[in-house]
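Colleague: Sharing the features that TrEMBL gives for it:
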type     : residues  : note
TRANSMEM : B:12-36   : transmembrane segment
TRANSMEM : B:113-135 : transmembrane segment
TRANSMEM : B:156-182 : transmembrane segment
TRANSMEM : B:212-233 : transmembrane segment
TRANSMEM : B:240-259 : transmembrane segment
TRANSMEM : B:289-311 : transmembrane segment
Amino acid sequence: MTSVLTLKNVKKTIKRKTIINGLSFSVLEGEVFGFLGPNGAGKTTTIRMIVGLMEISEGDIVICGKSIKDDFTGAIRHIGAIVENPEMYKFLTGYQNLMQYARMHNGISKGKIAEVVELVGLTDRIHEKVKTYSLGMHQRLGLAQCLLHDPKLLILDEPTNGLDPAGIREIRDHLRMLTRERGMSVIVSSHLLSEMELMCDRIAIIQNGELIDVQTVNEFIDGETALFSFETGLINKPEVTWLKSEWDATITESGFTVETAREKIPGLIKKLTAKGVDLYGVKTIAKTLEDRFLEVTSK
Amino acid sequence: MGKLIINEWVKLFRRAGTMVLVGIVILMVLGIGAFLKYEEIQNPPQENQNWKQDLTVQIEGDRAALEETGQNNANLKMFYERQIAINEYQIEHDLAPETNYNVWSFISENMGAIGFIGVFTIIIAAGMVSSEFSWGTIKLLLIRPMNRSKILLSKYITVVLFGVMMLTILYVVSAVVGLALFGLPEESLPHLAFVNGEVVERSLFLNLIGEYFLSSIDVLMLATMAFMISAVFRNSSLAIGLSLFLMFMGSSITMLLAARYEWAKYILFANTNLAVYFDGVPPVEGMTLTFSIVMLFLYFVLFQLLAFFVFSKRDVAA
Ligand SMILES: Nc1ncnc2c1ncn2[C@@H]1O[C@H](COP(=O)(O)OP(=O)(O)O)[C@@H](O)[C@H]1O
Ligand SMILES: [Mg+2]
């Protein structure tokens with residue numbers, strides 16, 4: 001797979017203070033790349049450098065083969081972005097706002113605008129002034145603005161901030177559709193792991209402007225173990241003993257957890273059913289990721 | 001580039017405030033027209049039969065003043081010389097001063113409103129860049145395949161277009177209102193200008209357009225300065241405050257300095273009134289039209305370079 005975005009040892013110093021200290025990573029075609037870190041870690045600063053709002057102090061950023069430093073217009077045309085909040089012209093309608101951005105790219109037709117408005121579900125309200133919009137509608141208009149020119153890379157800085165669960169769900173569905181159906185790559189930043197796990201293929205953890213780790217979410221390599229959580233009904237003594245001795249399981253309030261290889265799971269389920277244990281659900285816990293993140297954020 | 005200017009124009013005129021400014025100019029012209037018409041009806045001007053004698057008396061007075069104060073002040077000297085020459089010319093050629101208002105004198109009267117247009121254009125120029133920062137929209141504006149300098153240029157051109165539009169509205173509305181209320185003059189009098197120590201006749205119509213143009217150079221330079229301050233400091237209050245202060249005080253301060261120091265001629269405001277070279281006296285003796293144009297050009301380039309350099313380089317952390 002080719003990479004859409006590459007950061008090469010990027011540093012940012014503001015007033016002699018190092019804010020980003022040597023970030024290097026790549027974002028691949030068609031993946032959702034998470035950018036996870038506590039508040040003040042440098043997520044927004046990194047994004048500002050990627051989109052050219054801030055100058056890079058050291059290193060380089062390459063987008064679809066074009067360096068943002070040497071060929072700004074060539075690089076930025078492949079990006080659609082929301083940096084922090086999607087602030088719009090409040091005295092214009094949603095449609096007039098989109099027209100502003102449509103005029104700045106080549107060849108965006110009226111049909112394309114209508115299509116994007118339909119996609120984000122704003123068709124009914126698009127001709128109303130933005131000052132009448134709710135936060136969720138602002139967010140959707142922001143997304144529409146990013147998608148007008150069919151970018152290769154979408155960058156969303158804390159897109160779920162302030163949204164209710166339904167809004168968060170909506171953003172997640174949009175991202176999945178855009179990457180799966182249109183082959184777009186997406187960078188989402190967040191300070192919440194739980195959210196990122198649900199929408200990202202890979203997650204980079206940063207803190208104090210440094211890359212701590214890049215983790216693949218839900219990746220199962222044969223032979224490698226992962227932590228699985230089983231939700232069960234009441235488990236009787238013999239079964240508890242069996243689970244503890246045979247599987248090294250930990251009993252929890254709602255069932256138990258085991259650390260094992262993925263291919264062992266079907267067998268375990270069969271045996272549990274045979275022993276008469278009611279099974280309500282099984283899920284994986286990206287243990288290493290959570291641990292790493294807690295390690296970092298609890299400091 | 002055209003599309004960027006359309007964008008700026010849309011943003012400018014979709015705001016109620018801008019339309020209010022346009023409305024004020026139109027209402028002001030209507031108001032002045034109504035007031036002058038009312039005055040004229042209340043006190044119809046008398047035809048002055050003795051105007052030649054009156055002018056002669058005035059010339060005598062001016063001569064005396066010239067002897068007394070004019071000799072040590074080059075400015076006053078030129079002022080009196082001009083007045084004397086024009087009055088003598090009027091007597092000699094039997095050109096009675098116009099007593100009734102007509103469309104030309106009305107348009108000329110309304111040139112005072114160019115000051116308001118200056119204030120309005122400064123307000124618009126000052127908000128042009130800084131508003132995008134305060135609205136937060138700068139982040140979505142600058143992540144387009146357009147260089148920052150192009151975006152800034154489109155904003156500057158929009159300011160200039162706004163100023164030109166306001167001046168055109170002022171001139172056209174004045175002409176329409178003037179024609180409707182006062183009509184054309186009975187006999188077409190020329191405009192008397194004082195150039196290089198001689199009195200020359202000019203077409204009133206062309207002279208007015210020329211005067212409007214020359215008065216707007218002041219507006220252009222101040223708007224450019226406000227725009228520069230707005231782009232450099234991203235603060236519209238500072239840009240408006242400083243520019244308006246200089247607009248109202250700049251020329252007075254310059255005149256005070258010009259009476260004493262020769263270097264005052266390098267100050268921007270010593271050069272913004274180019275009309276003095278066509279009809280009047282420059283603030284410092286020995287200043288020429290070419291000198292002033294070069295100075296204006298240098299200030300213009302300085303403001304633009306500052307604005308473009310800072311706007312293109314600075315990090316956007318809004
Ligand atoms: N313009 C700036 N000047 C000085 N420090 C800044 C500036 N912008 C951000 N910072 C600092 O850089 C760090 C990273 O900020 P930011 O990128 O906004 O973090 P995040 O988006 O991950 O919450 C913070 O400590 C912040 O105080
Ligand atoms: Mg942030």
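Residue 1 is the first one shown; counting continues down the chain.
Keep in mind that glycine also has a Cβ here, set from the backbone N, Cα and C atoms.
No curator has checked TrEMBL annotations; they are predicted automatically.
Help me picture these features in the structure, burial and contacts included.
Modeller: Note on the transmembrane segment (B:12-36): residues 101, 106, 109-110, 113, 116-117, 120, 123-124, 158, 162, 166, 169-170, 173-174, 177-178, 181-182 of its chain, located 6 or more positions outside it, place their CB under 8 angstroms from a CB of the stretch.
Taking Cβ pairs closer than 8 Å, the transmembrane segment (B:113-135) reaches residues 8, 12, 18, 21, 24-25, 28-29, 32, 141, 152, 155-156, 158-159, 162-163, 166-167, 170, 212, 215-216, 218-219, 222-224, 226-227, 229-231, 233-236, 239-240, 243-244, 247, 311, 316, 318 in its own chain, all 6 or more past its ends.
With a threshold of 8 Å between CB atoms, the same-chain residues lying at least 6 positions outside the transmembrane segment (B:156-182) that come near it are 5, 8-9, 12, 21-22, 25-26, 29-30, 33-34, 36-37, 40, 100-107, 110, 113-114, 117, 120-121, 124-125, 128, 208-209, 212, 216, 219-220, 223-224, 227, 304, 307.
Cβ atoms under 8 Å from those of the transmembrane segment (B:212-233) belong to residues 111, 114, 117-118, 121-122, 124-130, 152, 155-156, 159-160, 163-164, 167, 170-171, 239-240, 242-243, 246-247, 268, 272-275, 278, 296, 299-300, 303-304, 306-308, 310-311 of the same chain, restricted to positions at least 6 beyond its ends.
Taking Cβ pairs closer than 8 Å, the transmembrane segment (B:240-259) reaches residues 73, 75, 115, 118-119, 122-123, 125-126, 218, 222-223, 225-226, 229, 265, 267-270, 272-273, 283-284 in its own chain, all 6 or more past its ends.
Beyond the transmembrane segment (B:289-311), the same-chain residues lying 6 or more positions past its ends with a Cβ under 8 Å from any Cβ of the stretch are 129, 148-149, 152-153, 156, 217, 221, 224-225, 227-228, 231-232, 265-266, 268, 270-272, 274, 277, 282.
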